[in-house]
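Visitor: Take a look at the following structure, please.
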């Protein structure tokens, strides 16, 4: 069968193992061809090709529901569910999304982008199914890294308490998340991975017992108990945790053997109640470079398929904000042993891998456990440690209660560095960092700031670490502005003090963080129309520099705020609220992300669609204030 001609995943039914293996080769070929050209997640999807094929040929996907955790490993799922011919548009504007979206396909039953949600969603569907008296299978596919997340463990705890609710959890164990997973549970899974497989006593034996004259039915329950005891005695450690939590455990199964996977899934479907099938896979399977470097090939920009090397940018770029942060933190840690960097399974993305390599004693990876990371940092701060929690803006949302309850209310000196703040591009709405300005500015005792460039980032990092209270700074994805960097001798900024960059009498433009340089470029465009602007780098949103901003607003009389975040409760709202509270009534234009989701596209395309380019912002300003 040609994969390009597959119109429905149910067409896998009845194919011979050799034919299914050929489909697997075609999936890998298409997967590699597209990702090498346009970029995307590589290793996760390559590792679940056989798992996906085997699972889908045991299901009726017109009715059965499969929930993929995170979604970055679901490229084979997309190729099997009608998106083969559009797959060239992967992660491109108006193309196939890099994650799962309910609006994209009827086979995407639950959207995702963050980890550890699949078991909860699948269990919810299973409970709804049973309440409605319907009959279909609910399956969650979750990676071993995501299983360290508290939400996944909460769902397992609940599901195990529902012995009459059929639910299949497929544990895709590739011994990795993005980087190697950490923690006792990961160690346990690794030990299980190398243990002999545990399967069921065959259906025929159970049927024979049931058919014994006079007593077959009577000893059915005792037989089930005996079966479990025999399995535990045979291999006492394998699956014991899941069995004790109420799951029937099967595995570990070779995740690249379609025949064995098919037999196991068929057996699992016959069990009533929650079942855990443990599948051992290899991340990056089938592409030697990805198998050899599973961290580096988790996700890739465009690369040469023959050599495995990334295709370099045509124009050299300054270091990224993330890299500057990581390098600066290493230097600060060298000077102060009390500083500790904390990540939640995102060492490479946040550049804390630099600290991990340089000073491992001052580095902590808690796994996919953002809530724990925040409160862990709070506990450290209580004892005189200076924790720096580096985390994506979108992932810090998962620990909002901890920010308020454990850090803010207690006024604990913890530094939060929010990476990927603002528009992130091809990862789409689940990963846009558009909400942190709003959700941080209302938390008691927090000081919140954003640098205009990488040099100011260095100063703000020192400011946060030296501050005797909770603080947060946001940095955008991508390269910096090329500002000169200092190797040492950084000084703290005055908290709550803005910076006036340009003086003009016709318009006041206040930029926050990554929008400061676009504000300067917008002012230059307006100058061509005779509009002279004062441009202020706000630096801080909490506390806001009311003295500087109020004086300029009253003097000039026309105000524009610019931010790379949602307008609802954002930086512009903070400025307008401050004006209102102080009886300053001046016309104000707030520019930022409107009340809408930002879909996957390049960052530049997203900014164009939102009206956030200097040219488009200049047009908005001219229309608002009648600058002709």
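Cβ coordinates come from backbone N, Cα and C, glycine included.
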Visitor: Check Swiss-Prot: it lists 72, 113, 114, 115, 145, 146, 287, 370 as binding thiamine diphosphate. Then name which of 10, 174, 411 it lists for that same site.
Guide: 174
Visitor: Which site among 72, 114 has the most other CB atoms no more than 10 Å from its CB, taking these as binding-site residues?
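Guide: In terms of Cβ crowding, the pick is 72.
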Visitor: If one measures from the C-alpha of residue 370 (thiamine diphosphate binding site) to the C-alpha of residue 144 (Mg(2+) binding site), what distance in angstrom results, rounded to a whole number?
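Guide: Residue 370 (thiamine diphosphate binding site) to residue 144 (Mg(2+) binding site), Cα-Cα distance: 16 Å.
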Visitor: Mind checking which of 144, 370 has the fewest other CB atoms within 10 A of its CB? They're the binding-site residues.
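Guide: Output over binding-site residues 144, 370: least Cβ neighbours within 10 Å is 144.
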Visitor: Counting every protein chain present, what is the number of Cβ atoms, excluding its own, within 10 Å of the Cβ of residue 145 (thiamine diphosphate binding site)?
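Guide: A count of 29.
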Visitor: Using Cβ-Cβ distances, find the residues under 8 Å from residue 174 (thiamine diphosphate binding site) that belong to the same chain and are at least 6 apart in sequence, listing them in sequence order.
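Guide: For residue 174 (thiamine diphosphate binding site), the qualifying residues are 44, 47, 143, 144, 255, 280, 281, 282, 283, 294.
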